[in-house]
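What follows is a short report on a single structure.
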Amino acid sequence: MKIAIAGASGRMGRMLIEAVLNDSDAQLVGALDRAGSPFLGQDAGAFLGKETGVKLTDDLDAVFAQADYLIDFTRPEGTIAHVAAALRHDVKLVIGTTGFTAEQKAELQAAAARIGIVFAANMSVGVNVTLKLLEFAAKHFSHGYDIEIIEAHHRHKVDAPSGTALMMGEAVAGALGRSLEDCAVYGRHGVTGERDPSTIGFAAVRGGDIVGDHTVLFAGIGERIEITHKSSSRVSYAQGALRAVRFLSARGAGLFDMQDVLGLR
């Protein structure tokens with residue numbers, strides 16, 4: 001599997017590079033970084049003390065010409081540029097970027113008519129199994145329980161609520177036959193009045209080096225149920241991304257997510 005990594009100098013990019021180098025079925029053929037990065041020209045394995053022969057570059061076409069797959073955990077504007085290059089070079093994409101607008105998501109959907117794309121806000125096996133647990137719980141706590149989603153991440157995260165929190169909200173709302181867009185409440189401040197029982201609330205915490213904590217609270221009278229997932233390392237995301245690459249190796253064009261990859265549908 002000839003794999004290139006986007007955002008190669010970042011925390012997630014380095015974790016992905018390490019995962020690819022440690023996988024006997026995978027070959028690192030490219031490492032993209034943003035224009036102006038001080039790491040351009042550096043060997044992709046330097047942070048591991050390894051010489052890979054792959055240099056960090058901002059030349060999209062040079063990287064895509066070598067790759068069969070790109071793994072991208074960057075930012076929406078960067079990912080959209082990578083999608084255009086992937087279409088030019090017929091490269092399949094594994095996308096873990098979050099914070100897309102509706103218009104940008106539509107661009108991913110359109111691109112998937114020509115290339116295979118796995119797009120998931122969270123690629124850990126644990127989170128995706130948790131989504132199934134939430135669907136089950138929501139169906140059984142549909143009356144008399146208020147639903148709140150609380151997430152916490154490191155101080156450097158730029159979007160809120162997290163993509164994973166939104167995935168959880170969509171799983172719960174879908175199980176209840178609702179649209180998350182219509183029932184979500186993002187944060188509360190001041191005199192808000194009594195809680196609307198049809199809503200799903202979101203709260204975001206940012207601080208320190210928290211990798212990612214998510215709790216969905218079903219609060220009833222006399223009891224509450226909490227379903228929580230906590231990430232202690234980004235390695236679970238990297239392993240999930242490689243699993244997604246293997247999934248795409250046997251697929252043609254189409255837009256998939258980790259539920260497809262893990263056979264949870």
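The backbone N, Cα and C atoms fix where each Cβ goes, and this holds for glycine too.
Note: H153 (active site, proton donor/acceptor) has non-local neighbours S162, A204, V205, R206, I210, V211, G212, D213, i.e. same-chain residues 6+ apart with C-beta under 8 A of its own C-beta. In the three-state DSSP classification, H153 (active site, proton donor/acceptor) falls within a strand. Taken from Swiss-Prot, the feature active site, proton donor/acceptor applies to H153, supported by sequence analysis.
If you look up Swiss-Prot, you'll see K157 marked as active site, proton donor. Annotation for K157 (active site, proton donor): same-chain Cβ neighbours under 8 Å, separated by at least 6 residues, are R206.
Residues or ranges marked as NAD(+) binding site by Swiss-Prot on the basis of sequence analysis: G7, A8, S9, G10, R11, M12, D33, G96, T97, T98, A120, A121, N122, M123. DSSP gives T97 (NAD(+) binding site) a coil state; it is part of no helix or strand.
Sequence-distant contacts of R34 (NADP(+) binding site), defined by Cβ-Cβ distance under 8 angstroms and a gap of at least six in the same chain, are G7, D58, G78. According to Swiss-Prot, the NADP(+) binding site annotation covers R34, on the basis of sequence analysis.
The C-beta environment of G163 ((S)-2,3,4,5-tetrahydrodipicolinate binding site), restricted to residues of the same chain at least 6 apart in sequence and closer than 8 Å, consists of T98, G99, A121, N122. Marked as (S)-2,3,4,5-tetrahydrodipicolinate binding site by Swiss-Prot: H154, G163, T164.
For the recorded (S)-2,3,4,5-tetrahydrodipicolinate site, residues H154, G163, T164 set the reference point as the centre of their Cβ atoms, and the other residues of that chain within 8 Å of it by Cβ are T98, A121, N122, E151, H153, K157, D159, S162, A165, G212. H154 ((S)-2,3,4,5-tetrahydrodipicolinate binding site) sits 12 Å from R11 (NAD(+) binding site), counting Cα to Cα. In this structure, the C-alpha atom of T164 ((S)-2,3,4,5-tetrahydrodipicolinate binding site) lies 9 angstrom from that of A120 (NAD(+) binding site). All protein chains included, G7 (NAD(+) binding site) registers 25 other Cβ atoms within 10 Å of its own Cβ. S9 (NAD(+) binding site) counts 21 other C-beta atoms within 10 Å of its own C-beta, drawing on all protein chains shown.
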